[in-house]
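According to TrEMBL:
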type	residues	note
DOMAIN	48-270	domain 'Radical SAM core'
BINDING	C62, C66, C69	[4Fe-4S] cluster binding site
BINDING	S137	(3R)-3-methyl-D-ornithine binding site
BINDING	E162, R182	S-adenosyl-L-methionine binding site
Amino acid sequence: MKQLVDKLERRRTLSKEEFVYLIENRTAELDEYLFEKARAVRHRYYGHDIYIRGLIEFTNYCKNDCYYCGIRKSNISAVRYRLTKEQILSCCKNGYDLGFRTFVLQGGEDGYYTDDKMVDIIASIKSQYPDCAVTLSIGEKSKESYQAYFNAGADRYLLRHETANHSHYAKLHPASLSIDNRKQCLYNLKEIGYEVGCGFMVGSPFQKPECIAEDMQFMNELQPQMVGIGPFIPHHETPFADEKCGTIELTLFLLGLIRLMLPSVLLPATTALGTIHPMGREKGILAGANVVMPNLSPVEVRKNYLLYDNKICTGDEAAECRFCMQRRMESIGYHVVVDRGDFKSAK
Ligand code: 5AD
Ligand code: FES
């Protein structure tokens, strides 16, 4: 087992069978061995610095119907909202004053925000905050749209691939969505020059160790600058309402493996991880993550951006989360820094 971890660190990849073996035979002892190595690797690139990203959930309208997601279009109980450009800019102002230098615009796939509208929003943020990075997380678009946002100043794009396995993808999504298009989007984004993030849910329904092994190999092929993973958590108004949550143990283990495979990747300890365990984000950092993404959305809309049940921080002001996060990171010997937190190329 330890030899496989050593091999991953050395060769930066493993065969599918080797990944499956690691996932199926994980032990608490191996966890410690892995996490220590993962921390050493992250310290080499990022020291004890933690990058913060200000998450602005600007629309919960979505034309898609992913079976796991609380803002899927079939959820008629979701209270829908959209933020205006002025509201988004006011979130950025608040965030800037709190030391954020990256803003993440995340939303459902909402046709209301045409390319022209997005370009205007992105260009306005970049002109008011030229020292900040803008990250988009608004789903699958044409290459031309991605190019237009990039030209307007967007720096990074998050698009989780969700699962690299064909039949698993089809069990999580209606037939209108395909993993082939998803991957094509990720390659298009990379080609345009974005820093790109992919990722997946841990413990999503029907996920087998083989699926995760394929996720690892796909990420190794794509070589993303960012990877977002977090446990699957059911939402009561979705077809997966009665499915089980992903576990914290497997999520932490995979964070460690990803840190060894992609040594300088920007790796968040996600809100979902903080939702399934009160110390989830701290544990994520200690397993190799180096980013956290506190929420900058206006408190009035937060409780409406629910991808899963029991989401944390939905009643807290941005400033509360910002300082809460600082205290949490200090408590484990890490420091939140005021920095764009760009990707550092692997040595
Ligand atoms: N549990 C955990 N994560 C979820 N996401 C969507 N729904 C859920 C859920 N029920 C994740 C998806 C998506 C990201 C924005 O949130 O991976 O890409
Ligand atoms: Fe939001 Fe702690 S991070 S309250």
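Glycine is treated like the rest: Cβ placed from N, Cα and C.
The distance from the Cα of C69 ([4Fe-4S] cluster binding site) to the Cα of E162 (S-adenosyl-L-methionine binding site) comes to 12 Å. Spacing of C66 ([4Fe-4S] cluster binding site) relative to E162 (S-adenosyl-L-methionine binding site) is 11 Å (Cα to Cα, whole number).
Taking the centre of the Cβ atoms of C62, C66, C69 as the [4Fe-4S] cluster site, the nearby residues of that chain (Cβ within 8 Å, site residues left out) are N64, D65, Y68, G70, I71, R72, K73, G108, L307.
Among the binding-site residues listed (C62, C66, C69, R182), C69 have a CB atom closer than 6 Å to some atom of ligand 1, in sequence order. A coil conformation is recorded for C66 ([4Fe-4S] cluster binding site) in the three-state DSSP classification, outside any helix or strand.
Under DSSP, R182 (S-adenosyl-L-methionine binding site) is assigned to a helix (H, G or I) in the three-state scheme. Put simply, C62 ([4Fe-4S] cluster binding site) is 17 Å from E162 (S-adenosyl-L-methionine binding site) when counted between their Cα atoms. Within its own chain, R182 (S-adenosyl-L-methionine binding site) has E140, L159, H161, E162, Y169 as residues 6 or more apart in sequence whose C-beta sits under 8 angstroms from its own.
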